[in-house]
Every structure is written in structure tokens, then in C-alpha cells.
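What follows is one structure encoded as C-alpha cells, with my remarks underneath.
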Amino acid sequence: MEARNQTAISKFLLLGLIEDPELQPVLFSLFLSMYLVTILGNLLILLAVISDSHLHTPMYFFLSNLSFLDICLSTTTIPKMLVNIQAQNRSITYSGCLTQICFVLFFAGLENCLLAAMAYDRYVAICHPLRYTVIMNPRLCGLLILLSLLTSVVNALLLSLMVLRLSFCTDLEIPLFFCELAQVIQLTCSDTLINNILIYFAACIFGGVPLSGIILSYTQITSCVLRMPSASGKHKAVSTCGSHLSIVLLFYGAGLGVYISSVVTDSPRKTAVASVMYSVFPQMVNPFIYSLRNKDMKGTLRKFIGRIPSLLWCAICFGFRFLE
């Protein structure tokens, strides 16, 4: 059937990962488990930082924000997929798709900027340890978060609102489990030159600048570590930034993997699987990277988890008293 321009559309179809109905319960259980692990892991990190005054430092301030972002980014995509699987309905409304695109761009862009701020924090901690508390003061930390928020809002609105000017064809199937900007643009019947220019411009500015900041920070860190006279000092410096560097490599490596997959393969299923590595896996793994490699975080988590039974008991007792 010939594709026709359709300026007003009501919904898109999210094809997801697997079409076999018999495998849908398995897929539902898998993604529900991954989502719960992501929420629980990042929530524990967030609550541990809030509850322990010893962790009220710039590094853990940024880490708690990263955990909150991971929760938000996962919640933007996975629950809709779970609802679609459970209801056996793969559709998403036009407004819902546009909203999902906007939030994915916002949270992913904000995480990108936050990783750059964390890299600068590690640079100051290793290269200027005596001036660390002076440089990384609460005002600067707040300004870095505010700048990241403003940058991410501009990026998300610029890229998502341009979809409003597009007309779409009759083929409205997205070969992913969530609405992704590049996939939606491929469905349009309109001229996408301006859209593609804006995408590359935004990638260079809003993506390239934070990445350049990360590379510059770690270049300075490497130079500083190599000049350290003692092996213990070098080991401490490497362990200080090891967790953050692992998350950076995972974040950008997953994004690069999705891009390479979309270029070298014509299979929508392979692209969909690669998108999982970018939109689900890093958010699930990040809490384990920081909790397993950080002694302070491990100690705080043990204390916090040990207090959970008593907190639950207090909550139950309070509930009974309230009912009385």
C-alpha cells in the first residue's frame, strides 16, 4: 500500500524486542526484574547518602543526583513497555511518544552533563586536594547542577519540539520498546534536512562539550598521577576515580554500541537489543559499580540495610496506633 502524508496521527506502534506471544511472559518477568533492581539499587544509594552525614560531600552529592537520574530515566521507558506487554497492546499515543522522547532526551542529557561535573570534581580532588573544599563549595556544586538542568532542558525541547513540524506516513511502526527520536524521524514523509542538522548540532554542542570536559579532566588527572612519587598515592588516586571512569565508559560505550549497531545492521531486532544496553543496563549496573568499589559506600549501605527491619517495625507500630 502506498504511503500517504498524514499530518494528524493518533498513535505509533512499539514493536519491542520479541513478537512471539509465548515469550512475552518471559520478557515481562525479565524487564520487571531489571527495573526493580534498578529502582532498589539506586534508591539505596540515594537514601544512604541522605542518611549518613559523612557522605555529605560534593562527590556523593553528585552520586545521589546520578542515582536519581537513573531512576527517572528507567521509569521513562520500562513501565510503558511492561504495560504494553501485559495488555498485549503495542501502541503509544502521539502525545505520549513525544513526551517520552522529550524526557529521554532530558534525563540522558542531564546524566551526560552530570558525568562531566563529576569528572571535574575528581580532577579537583586529585590534582588540588588541599584546595578541594574551597573550590568544590556548595555554591559551585549547585551552579553545576543548575547549568546541567538548563542545558538539558534546551536540548530536550529543541530536539523533541521539532517533531511537531513533521508529517508522518502510514507506516508508524517503531522497532524499539520506547520512542526514540532517530527512529521516529525515519517514519516521516517530510523533508528531514533541518531535523538532521539540528540533531548533529545538538550532538556536537550538548554532547561534545561535556565529553570534552571529561576527557580534559582525565588527561589532567593522568598527568598528575604520573607525577606522584609514591605508589600508594597513585593507587589511592586511581581508586578515587575508578568508579566514575567505569560509569563513563559504560555510558558512552553503550551509546556508541547502539550507533554502530544501527549503522552496520539492517535488522530492527538487533537495533532493539542494542538499545536495551543503552537505556536499561547502565542504570541497573551503576549502583553496583559504586557500592562494590567504594569502602565508605559499602559501610554506609551495611548500616542502612541493617536499620531497615527496625524502621519497618516502627512504621508498622505507627500504622497500628494511627488505626486505633
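First residue shown is number 1, and so on along the chain.
Every residue gets a Cβ built from N, Cα and C, even glycine.
Since the structure is predicted, the reported quantities are computational estimates derived from the model, not experimental observations.
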- Query: Do you know which of 238-258, 301-321 Swiss-Prot annotates as transmembrane segment?
  - Reply: 238-258
- Taking the topological domains recorded in Swiss-Prot, do Asn89 and Val163 share a side of the membrane? yes
- Where Swiss-Prot places N-linked glycosylation site when the choices are Asn65, Asn89: Asn89
- When the number of other CB atoms within 10 A of each residue's CB is tallied over all shown chains, which of the disulfide-bonded residues Cys97, Cys189 has the maximum? Cys97
- Across the topological domain 'Cytoplasmic' (47-54), DSSP labelling yields 7 helix, 0 strand, 1 coil
- Should Cys97 (disulfide bond) be counted as helix, strand, or coil on the basis of DSSP? helix
- Item | Dominant neighbour of the transmembrane segment (238-258) in 26-46, 55-75, 100-120, 198-217, 272-292, by Cβ pairs under 8 Å | 272-292
- Task: Note down the number of other Cβ atoms within 10 Å of the Cβ of Asn89 (N-linked glycosylation site), including every protein chain shown.
- Result: 12
